[in-house]
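Reviewing the structure listed below.
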Amino acid sequence: MTIIIEQQLHEFGFEAEEKKVHVDEKELVLDGVFVVPQNNSFGQTFRDYDAEGERQPGVENFYRINHINQSYDFVKKMRKEYSKLNRVEMSIWECCELLNDVVDESDPDLDEPQIEHLLQTAEAIRRDYPDEDWLHLTGLIHDLGKVLLLPSFGGLPQWAVVGDTYPVGCAFDESIVHHKYFKENPDYNNPAYNTKYGAYSEGCGLDNVMMSWGHDDYMYLVAKENKTTLPSAALFVIRYHSFYSLHRSGAYKHVMNEEDVENLKWLQVFNKYDLYSKSKVRIDVEKVKPYYLSLIEKYFPAKLKW
Ligand SMILES: O[C@H]1[C@H](O)[C@@H](O)[C@H](O)[C@@H](O)[C@H]1O
Ligand SMILES: [Fe+2]
Ligand SMILES: [Fe+2]
């Protein structure tokens, strides 16, 4: 069993580092070609926000500060500011390289530099969906918005960049990670924003709903404003990939429209790779780089405004 997995990983550019990809058959759920592991690299189940371990206190503290500060007014201000795209000019690949210096404090499953995660996601999708090149590129770029943490992009704090996202302007759903900390959010007691619909209406479409500010909405803005030719499903995946209360728990369906329902199917496919490809297995960057450069050229201008 282990041998087959190592061969597959190798064929697709994964460098099977010593015994790090050595997985016990009993720990595996086989799902299509992609092997969905049951445990993260810390030996815990994925997205277990209460499991005791070295990352738990930091992650919980991250969500406390995030939930207190992500208010309707804050998000409005950030969207306006970052829609200007007046900070940096660079290519998609240059941006990928910047993620070498970024570690995500909200993530209980990963403490590697983010570039590893981008390539692991993209390559895992490529193996199972060889013909959907747009989805490979979506995997590569979905977390690029994390550059907001870097000084030239405003050096935002972690709580304004990473972590799960959720709508602001209506009641915070109970399925959101560490929901209890919303009690200190200024919108929590505001009757304009604390009901089921709040500022929105039934079936108004997610495009009309403001999401907590972070790397997802920022990268969506960057891709759209720089006139990517990626399909609308790709933009949807980028924009809502951290919206776990929707794509995992099924909350907020009442504000979705028909197009959202269609696009959600691709987001659910994508999420499997985004979440479960997180591991200590390294990708050989130089080996896969020409392929991704060709996709970038197909779907993006050479330089983008950020
Ligand atoms: O990239 C982020 C990050 O890894 C977070 O920990 C997770 O909560 C988000 O949903 C995800 O998009
Ligand atoms: Fe993300
Ligand atoms: Fe990701």
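Cβ coordinates are placed from backbone N, Cα and C, and glycine is handled just like the others.
All annotation found in TrEMBL is predicted automatically rather than curated by experts.
Residues annotated as substrate binding site in TrEMBL: Arg47, Asp104, Glu105, Ser106, Lys146, Gly163, Asp164, His241, Ser242. The feature Fe cation binding site is assigned by TrEMBL to His117, His142, Asp143, His215, His241, Asp274.
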From binding-site residues His117, Asp143, His215, Asp274, the one whose Cα lies nearest Arg47 (substrate binding site): Asp274
Whole-number Å value for how far Glu105 (substrate binding site) lies from Asp143 (Fe cation binding site) (Cα to Cα): 14
Near-site residues: Fe cation, ref His117, His142, Asp143, His215, His241, Asp274, CB cutoff 8 A to centroid: Leu118, Thr121, Lys146, Asp216, Ile238, Ser242
Annotated binding-site residues Arg47, Glu105, His142, Lys146, Asp164, filtered by Cβ under 6 Å to ligand 1: Asp164
Alpha-carbon distance [His142 (Fe cation binding site); Ser242 (substrate binding site)] in Å: 10
Farthest-apart CA atoms of Arg47, Asp104, Glu105, Ser106, Lys146, Gly163, Asp164, His241, Ser242, residues recorded for substrate, distance in Å: 19
Long-range Cβ environment of His142 (Fe cation binding site), under 8 Å and at least 6 residues apart: Leu118, Thr121, Asp216, Met219, Val237, Ile238, His241, Phe270, Asp274
Cα-Cα distance linking Asp164 (substrate binding site) and His215 (Fe cation binding site), given in Å to the nearest integer: 10
Fewest other C-beta atoms within 10 angstroms, as judged across Arg47, His117, His215, His241, which are the binding-site residues: Arg47
Cα-Cα distance linking Lys146 (substrate binding site) and His117 (Fe cation binding site), given in Å to the nearest integer: 12
Intrachain C-beta neighbours of Glu105 (substrate binding site), sequence separation six or more, cut-off 8 angstroms: Gly58, Val59, Phe62, Gln158, Val162
Distance-selected binding-site residues near ligand 3 (C-beta under 6 Å), from Glu105, Lys146, Asp164, His215, Ser242: none
Asp274 (Fe cation binding site), number of other Cβ atoms within 10 Å: 22
Filtered binding-site residues, from Arg47, Glu105, His117, Asp164, Asp274, whose Cβ is under 6 Å from an atom of ligand 2: none
